[in-house]
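If you look up Swiss-Prot, you'll see CYS2-CYS30, CYS4-CYS19, CYS9-CYS29 marked as disulfide bond.
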Amino acid sequence: ACYCRIPACLAGERRYGTCFYMGRVWAFCC
């Protein structure tokens, strides 16, 4: 599963880009 996170991905996840949600930029993590 993939998630949008602030401020960064959790350990063991990879960042594949960004999400724009509620006026903020989130890390897109899988």
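From the backbone N, Cα and C atoms, a Cβ is placed for every residue, glycine too.
Locations of recorded Swiss-Prot features on the structure.
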{"residue": "CYS2", "record": "disulfide bond", "Cβ neighbours (10 Å)": "12"}
{"residue": "CYS4", "record": "disulfide bond", "Cβ neighbours (10 Å)": "15"}
{"residue": "CYS9", "record": "disulfide bond", "Cβ neighbours (10 Å)": "15"}
{"residue": "CYS19", "record": "disulfide bond", "Cβ neighbours (10 Å)": "16"}
{"residue": "CYS29", "record": "disulfide bond", "Cβ neighbours (10 Å)": "19"}
{"residue": "CYS30", "record": "disulfide bond", "Cβ neighbours (10 Å)": "11"}
Report summary line: In three-state DSSP terms, CYS30 (disulfide bond) is classed as coil
Query raised in the report: What subset of the disulfide-bonded residues CYS4, CYS9, CYS19 lies within 10 angstroms of CYS30 (disulfide bond), using C-alpha positions?
Result: CYS4, CYS9
**Report entry** Euclidean distance between Cα atoms of CYS19 (disulfide bond) and CYS29 (disulfide bond), Å
**Finding:** 10
**Report entry** Pairwise Cα distance for CYS19 (disulfide bond)/CYS2 (disulfide bond) [Å, integer]
**Finding:** 11
